[in-house]
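Trainee: Take a look at this one; I'll ask things after.
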Amino acid sequence: MMSEKVRVAITGGSGRMGRTLIEAARQQPMIYLGAVIERAGSTLIGVDAGELAGVGSMNVPITDSLDLAVDDFDVLIDFTSPEASLVHTDWCAKHGKAIVIGTTGFNHSQKEQISAYAEKTPVVMAPNMAVGVNLLWKLLEVAAEVMGDYTDIEIIEGHHRYKKDAPSGTALKMGEVIAETLGRDLDKCAVYGREGITGERDRQTIGFSTIRAGDIVGEHTALFADIGERIEITHKASSRMTFANGAMRAASWLVEQDAGLYDMQQVLGLK
């Protein structure tokens, strides 16, 4: 059981998620915010992180250099872009810092790079830090085992108009969980959207539909549909704080782990 505060740093502090992470760090008594990093040339360099997040002064001026903050934190929390996350993970591996990665949109090669860095430092990488979503994945395993081979499976996800990647990392993870449970290869059975004359649906496929609109924080539904009945398993997030709190929980857990690549299922003791 930890008795000392976990020292964290946050990258991309000016973004919507970054500001929420700062607020979460302020709220949690066992978290100490040591640094907030922004891109070089940002007009926010030197601004107090707490003032930026609207939670009052925290005496943490925003910097543009991880090197300058190297002695101020033990775990980096990163919700940026795949390219930036790779740079940050490389830096952490070289400097003995753990890292929690909530970034989505990685390609296969980038994921392999993260795995290589994780041989040198502890890494939690998860497309969704919300506790409820990670429970959702366990429920999907059960549903797929019981109904998967006898139903049409669709995954529907919705996010705000500013989200850059589609389908979301969470939706893809849902597909991976279902496909793995059923012994299928998601790369071969996934159908991303439909248009025109598509013909009768192939039951071996897993369909994906994406919504980008307004300020939707995050909604995900897995649909198992047969003739005469269907089951829908849904998670809806109404605030980014659920992701931020999950990231803080991951940081608190990760600081006590050896080098390796972990996910939120392990953080939460679900596997």
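Every residue number used here counts from 1 along the chain in the order it is shown.
Glycine is treated like the rest: Cβ placed from N, Cα and C.
Source: prediction; values computed, not measured.
If you look up Swiss-Prot, you'll see Gly12, Gly13, Ser14, Gly15, Arg16, Met17, Glu38, Gly102, Thr103, Thr104, Ala126, Pro127, Asn128, Met129 marked as NAD(+) binding site, on the strength of sequence analysis. Marked as NADP(+) binding site by Swiss-Prot: Arg39. Under the heading active site, proton donor/acceptor, Swiss-Prot lists His159, citing sequence analysis as support. Annotation comment: Swiss-Prot describes His160, Gly169, Thr170 as (S)-2,3,4,5-tetrahydrodipicolinate binding site. According to Swiss-Prot, the active site, proton donor annotation covers Lys163, on the basis of sequence analysis.
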Trainee: Please report the distance from the Cα of Thr170 ((S)-2,3,4,5-tetrahydrodipicolinate binding site) to the Cα of Ser14 (NAD(+) binding site), rounded to the nearest angstrom.
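Mentor: Between the Cα atoms of Thr170 ((S)-2,3,4,5-tetrahydrodipicolinate binding site) and Ser14 (NAD(+) binding site), the distance comes to 23 Å.
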Trainee: Considering only the binding-site residues Gly12, Ser14, Arg16, Arg39, which residue has the minimal Cα-Cα separation from the residue listed as 'active site, proton donor/acceptor'?
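Mentor: The smallest Cα gap between the residue listed as 'active site, proton donor/acceptor' and any of the binding-site residues is with Arg16.
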Trainee: Tell me which of the binding-site residues Arg39, His160, Gly169 ends up closest to Thr103 (NAD(+) binding site) in space, Cα to Cα.
Mentor: Gly169
Trainee: Fewest other CB within 10 angstroms, which one of the binding-site residues Gly12, Gly169?
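Mentor: Taking Gly12, Gly169 as the binding-site residues, the minimal 10 Å Cβ count falls on Gly169.
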Trainee: Go through the recorded positions Arg39, His160, Lys163 and tell me which ones have a CA within 10 A of the CA of Ala126 (NAD(+) binding site).
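Mentor: Passing the 10 Å Cα cut: none.
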Trainee: Fill in the CA-CA distance, Gly169 ((S)-2,3,4,5-tetrahydrodipicolinate binding site) to Asn128 (NAD(+) binding site), as an integer in Å.
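Mentor: Answer for this pair: 7 Å between alpha carbons.
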Trainee: Using all protein chains in view, find how many other C-beta atoms are within 10 Å of the C-beta of Ala126 (NAD(+) binding site).
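Mentor: For Ala126 (NAD(+) binding site), the count of other Cβ atoms within 10 Å is 26.
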Trainee: Please list, in sequence order, the residues in the chain of Arg16 (NAD(+) binding site) that are at least six apart in sequence and whose C-beta is under 8 Å away from its C-beta.
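Mentor: Sequence-distant Cβ neighbours: Tyr162, Arg240.
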Trainee: What whole-number value in Å do you get for the largest C-alpha pair distance within Gly12, Gly13, Ser14, Gly15, Arg16, Met17, Glu38, Gly102, Thr103, Thr104, Ala126, Pro127, Asn128, Met129, the residues recorded as binding NAD(+)?
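Mentor: Site span for NAD(+), by Cα atoms: 22 Å.
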Trainee: Among the recorded positions Arg39, His160, Lys163, whose Cα is within 10 A of the Cα of Gly12 (NAD(+) binding site)?
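Mentor: Among Arg39, His160, Lys163, the ones whose Cα sits within 10 Å of that of Gly12 (NAD(+) binding site) are Arg39.
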Trainee: Relative to the Cβ of Ser14 (NAD(+) binding site), which residues of the same chain, six or more apart in sequence, are found under 8 Å away?
Mentor: Glu38, Ser42, Leu44, Leu52, Ile62
